[in-house]
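Colleague: Questions regarding the structure given below will be posed in turn.
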């Protein structure tokens, strides 16, 4: 039952940011029942139906832990959201620097503690352009007055896409801040400004220790940078988690081979350091004070130093989640050893996770939490298998070596299979060579590189020439490893493959993974074959109709699905796809989340960068049968191209019809000079649904095209209008809006975009005509999902998580929902 209680607590925390009304009402009833049951429990369990009563009590206790976890997480979230910045503005702030910066190729990122923004200090992420190694940077332990621009975190709110706001929240960063001017402040100036209490707090013992550790991290960074090493960035990242010198090519190489997890500071790093120091301590005690082991048994005598070493290294690497997992597990296990209590490994793992979430509930938002504990669970199952085989294990060193190699191979494929669902959920892509590459990389890094680096870091404080030699040895091992990886990368087409599985298929994959790791008598492994059938191409997600206006920033991308048919109208694009790729970072993860690996149709309304810029990358990664646009473009060899022109009609079924309303065939010669105005205008009709049947998507067309539509299609019915040119003042004319009178208008526009879209004039026209307006900047992706009842549900991605919501988004969404509700 204890495992069930811990699991219930973790599930409750995992619901952070979601609104679950039933859990708001169950807490007090569950608490009252527990209070009533506690004194009666002793007598009830003597009853003849004690087993049933135990089961009922267990469910009630589990419900209490679930609701407690949920309320605890929600309370912590609301406290943190109170300090979140939401508007872009210039500001002057007083800051303190408590952590080292991270050096990128083009920018310097620095966590700063802002003293004058709220009643209590808050943490922001400052960044400045990296010009040279000699430029002025913020120094550890110093105070500054900074002038710059507040840059709130703003996610592309799209299903399956990395959530930047969640990442900021998890790391307790309330905003970004672009530095423009730096002015140092002395401690006396800080005191004069009224921050005496904060100054006194920073002079406390714990804060001084933490600052000292940060200084040592910086010293190690400088020492490694000064050495003649081939892989300085990789050595630094493996030792401290600091990725300042890590180049993009190495990071991409590790990702393609599925070994990027080795760059994270994990349990083995921490344990190697602790074991080394405890071994040294044991040797010293044996030599100079052996009688201590007569008073205190050896395991007990070394527990406290071991835990101190683990704590020290965790502090040295910045208390990353995998290191914290190891720290909490070691502390719990040490306490149990001292108390002479037994505990199963799985219970210890869940206890560690529960304690971590008690101290920091926001850890649940990190992929590292799930991957770290998931990997530990698999390793525990492998360990249990090893223990069962221990009695029959061969004793000769040759057979021991073979046995160890078999165990290494087994562990790799089991970890790969077990973590596959989590990898798909968080990353939407997988490296099929991961089990093989891990077989090579893990022994080299875990058994050679990390121990050498830990020794090098330790000897850095004793004898620098020896430290330099050890770092050089570690570097040679990395040269050997990267030589193998680069050689394979040159010979074979090693790349990350996107995985297109919908939610139900991922759930099925999780169930199959559980079956793999269940004891043999539990369930027949032949069930795996039946479970694999839906994963090999049969989609369980088959809605009658779905249209989603994606949040791609300042651009446009619309996804449509009906039955087994999938199409997109525009695919967005950033101003520089090589720096931030809308194709890779938004479109592909979204389609993978939908379980889509092929598009039947792609209509590019025109070839502006913000509508079609990501196509150049998409065409090589995604199978697209038919491409349409108002201008010729290069398509993949597997795709067909046609011009879109007025009169084209596609019948997806008896219920869904797609038409092209503009441009006309005789206007193609003018397209190079009027790309926006002659955009492909798409009209979608969905029969037998309410309240949205007719969708009009204008591309970047303006007043001229709107006037032409009024002439050609005076009786056109429009329920949802995706505004032309993102709602600019030169589109969405008053007469056009008044004539068609849509129930809802949508502007696909970026947050804080420089064009001011949607324009205040367009908003005024819509307001005068009482047409509700939703924007992707405020609502994220806006969806129209047909239900089996014939009702089309209006959804907004920013309403699914509390940290994505804002005061500006809630009211317009509520108004639009009121219009869409059946009356």
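Including glycine, each Cβ sits where the backbone N, Cα and C put it.
TrEMBL: automatically predicted annotations, no manual curation.
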Colleague: Given the ranges 364-388, 439-463, 539-563, which one is assigned the annotation transmembrane segment in TrEMBL?
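Modeller: Spelled out, TrEMBL records transmembrane segment over residues 439-463, not the other listed ranges.
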Colleague: Transmembrane segment per TrEMBL: which of the ranges 326-342, 343-359, 394-410, 411-427 is that?
Modeller: 411-427
Colleague: Under TrEMBL, the annotation transmembrane segment belongs to which of these stretches: 205-228, 229-252, 469-492?
Modeller: 469-492
Colleague: Of the residue ranges 258-280, 580-602, 603-625, 626-648, which one carries the transmembrane segment annotation in TrEMBL?
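Modeller: Within the set 258-280, 580-602, 603-625, 626-648, TrEMBL attaches transmembrane segment to 258-280.
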Colleague: Over the domain 'ComEC/Rec2-related protein' (238-518), what is the model's average pLDDT?
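Modeller: Mean pLDDT across the domain 'ComEC/Rec2-related protein' (238-518) comes out at 79.
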Colleague: For the transmembrane segment (439-463), could you work out the same-chain residues 6 or more beyond its ends whose Cβ comes under 8 Å from its Cβ atoms?
Modeller: 219-220, 223, 235, 238-239, 257, 259, 262, 268-269, 272-273, 276-277, 408-409, 412, 470-471, 473-474, 477-478, 480-481, 484-485
Colleague: By a Cβ-Cβ criterion of under 8 Å, what residues six or more beyond either terminus of the transmembrane segment (52-73) are in contact with it?
Modeller: 1, 4-6, 8-13, 15-17, 20, 23, 26-27, 30-31, 33-34, 37, 41, 44-45, 357, 361, 364
